[in-house]
Ligand SMILES: Nc1nc2c(ncn2[C@@H]2O[C@H](COP(=O)(O)OP(=O)(O)OP(=O)(O)O)[C@@H](O)[C@H]2O)c(=O)[nH]1
């Protein structure tokens, strides 16, 4: 939905375990985000929460793979993490005021080193420390990382969280309302499924089609009483010539993309997958829907 003077953007929250990332998100969104309690170890997933108000929308996305890889999709996730960090409008690096700098933080700082997106240092749990402790702590981090803003908060008590939101919004540019007001979460599997298909398409066409090709998941539905998932996805290209390449002679290329992507999606979801792919030409896709593409966005219900 395009509204005048509407601001929107994508934000990712990173930080060591237990620093209060979920508490902060819940405070901001104002309700429990189901997906978090559903799946405690969601590192491979893309958790989204959406903050919507009259004049703005902020989409919070998880950065899977920012923490040390634990499973076989690990390398893929690490790649995605780096990509995500560069594509978001803002990164919130949350730290624990009560613990201070540690090795887990250094792991994250290393990953943030060459990232272009602005970074906020969010100093959480200030309710637990004496204010005198804050400045030296912040200095410690500032020596190691270039940050755009430093914002001390207590996610639990809500102190300064509205200031943080105001600051976040001041970094957002004009943009569309991506999600309807009532939608606070999206299914993370959709994003990764789209990325897996896109990766296969790029790889198998030997990158004859540009990286700007997009994959939109049109449908993702359970079948056979939950024992299988049906996925219908569109590969979006910008020119007819690219469509020809992706489909291949007698549909051979598209079939191969589908077969390879299906295997990976089955590993990801842990169920049998029926995958239906088709190719669409959309010339203005790149300009108008840049971010929608990057985040595998689609409004369909799953
Ligand atoms: N005192 C205090 N406790 C907090 C604050 N924010 C979070 N906590 C507590 O810290 C613990 C961890 O919070 P979470 O929000 O689960 O932390 P997380 O960063 O999402 O943790 P992971 O999911 O493991 O990455 C919980 O017990 C919270 O209640 C705060 O501002 N002050």
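Cβ atoms are placed via backbone N, Cα and C, with glycine included.
Annotations in TrEMBL come from automatic prediction, not curation.
What TrEMBL lists as GTP binding site is 15-22, 62-66, 124-127. Under 8 Å, Cβ to Cβ, and six or more positions away along its own chain, residue 15 (GTP binding site) finds 21, 92, 93, 94, 95, 96, 108, 122, 124.
As a whole-number mean, the pLDDT of the domain 'Era-type G' (7-174) in this prediction is 81. Per TrEMBL, domain 'Era-type G' is recorded for 7-174.
The feature domain 'KH type-2' is assigned by TrEMBL to 205-283.
The region 'G1' annotation in TrEMBL covers 15-22.
What TrEMBL records for 41-45 is region 'G2'.
Under the heading region 'G3', TrEMBL lists 62-65.
Per TrEMBL, region 'G4' is recorded for 124-127.
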Remark   = One residue among the binding-site residues 18, 21, 126 has the fewest other C-beta atoms within 10 A of its C-beta, namely 18
Task = Using DSSP, break the region 'G4' (124-127) down into helix, strand and coil residues and give each count.
result = 2 helix, 1 strand, 1 coil
Task = For the domain 'KH type-2' (205-283), jot down how many residues DSSP puts in helix, in strand and in coil.
result = 32 helix, 30 strand, 17 coil
